[in-house]
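According to Swiss-Prot, the protein carries these features:
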type    : residues                                            : note
BINDING : Arg14, Lys62, Thr91, Lys151, Arg256, Leu257, Arg258 : GTP binding site
BINDING : Cys21, Cys25, Cys28                                 : [4Fe-4S] cluster 1 binding site
BINDING : Gly66, Ser115, Met190                               : S-adenosyl-L-methionine binding site
BINDING : Cys251, Cys254, Cys268                              : [4Fe-4S] cluster 2 binding site
DOMAIN  : 5-231                                               : domain 'Radical SAM core'
Amino acid sequence: MLYDRFGRPVTNLRISLTQECNYRCFFCHREGQRFLAKNELTPEEIERLVRIASRLGIRKVKLTGGEPTVREDILEIVKRIKPYVIDLSMTTNGSRLKELAKPLAKAGLDRVNVSLHSLKPEVYKRITGVDGLEAVLEGIEEAVKYLSPVKLNMTVMKGLNDGEIWDMVEFAAKTGTILQLIELEAPREMAETAFFRKYFYPLKPVEEKLEKLAVETKERRMHRRKKYFIPTDYGIAEVEVVRAMHNTVFCANCTRLRVTSDGKFKTCLLRNNDLIDFLSAMRNGASDEEIVEIFKRAVLMREPYWK
């Protein structure tokens, strides 16, 4: 297993498969990738990377984007990398889950996170730029059958969907999904912009209310986040709160190494001066051991953003 200079183990790989997306969410951080990548990793290159990572103790992989399901070879990618990992998941907008949930599960995907920022069609369209709520809800229904546990990612934004938090808690209970309430996040230089101030909605008061309502709480090892079990008319809802801004505990317990869609290691979502190219080495005939050394160099560059 690899450890960074701060004693944090690296156990998770978060791979952006593409920067292409069929949605236009106005707040999207694009996994920290600022520019559209035209040189995407091939399925063979992704498989090789994950195989090497598994030798280093990295056995959990999350596929992201952009929107990973817009890649026509998504099933091949999943099938290729599953033998090397114990937990293979994906973050998706859910637009193609109705047709893909079962094939993805058959290919080896274990579970999904679905971005669901509103249950109101007009608000959903305003946030995502797409009139696609109904298709996503149908996709979630299919995902629950084949890719459980399904997590719903709701980025809470002031004046847009902050009034839907408790409706979403009930929806999670009703559908048997797990709700993640997520604060808007941004690098330091963006946190004082008019955009951020307009939409940032602090979740601390919400978490305090969840604490009071919960019939049970647990703590996740990842980021030391609490899980709240909330009684509703539809049964118990499982709710997590992601508050990354200025959260030193969140960063101190990060175990992720990110991979950009154009073949670079990225040590932190909020940094852009930390990219380490491995794809050029791969395509120029580098051995597995040489890729391992690039892995190690990337891990040693990791440091908590908030500390």
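Residue positions begin at 1 at the first shown residue.
Backbone N, Cα and C define each Cβ position, glycine as well.
Arg258 (GTP binding site) falls within a strand when secondary structure is assigned with DSSP. Proximity to Arg258 (GTP binding site), judged by a C-alpha distance within 10 Å, picks out Cys268 from the binding-site residues Cys21, Cys25, Gly66, Ser115, Cys251, Cys268. Spatially, by CA atoms, the binding-site residues Cys21, Cys28, Arg256, Leu257, Cys268 include one closest to Gly66 (S-adenosyl-L-methionine binding site), and that is Cys21. Secondary structure at Cys268 ([4Fe-4S] cluster 2 binding site), taken from DSSP and collapsed to helix, strand or coil, is coil. Within the set of binding-site residues Cys28, Ser115, Met190, Cys254, Cys268, the entry lying nearest in space to Thr91 (GTP binding site) is Ser115 (CA atoms). Listed binding-site residues near Ser115 (S-adenosyl-L-methionine binding site): Lys151 (candidates Arg14, Cys21, Lys62, Lys151, Arg256; Cα-Cα distance within 10 Å). Within 10 Å (C-alpha to C-alpha) of Arg256 (GTP binding site) lie the following binding-site residues from Cys21, Cys25, Cys28, Met190, Cys268: Cys268. DSSP classifies Cys251 ([4Fe-4S] cluster 2 binding site) as helix under the three-state reduction. Secondary structure from DSSP puts Cys28 ([4Fe-4S] cluster 1 binding site) in coil.
Ranked by Cα separation from Met190 (S-adenosyl-L-methionine binding site), the binding-site residues Cys28, Lys151, Cys251, Cys268 are led by Cys28. Take Gly66, Ser115, Met190, the residues named in the record as contacts for S-adenosyl-L-methionine: the widest Cα to Cα gap among them comes to 23 Å. Cys28 ([4Fe-4S] cluster 1 binding site) is 18 Å away from Lys151 (GTP binding site) when you measure Cα to Cα.
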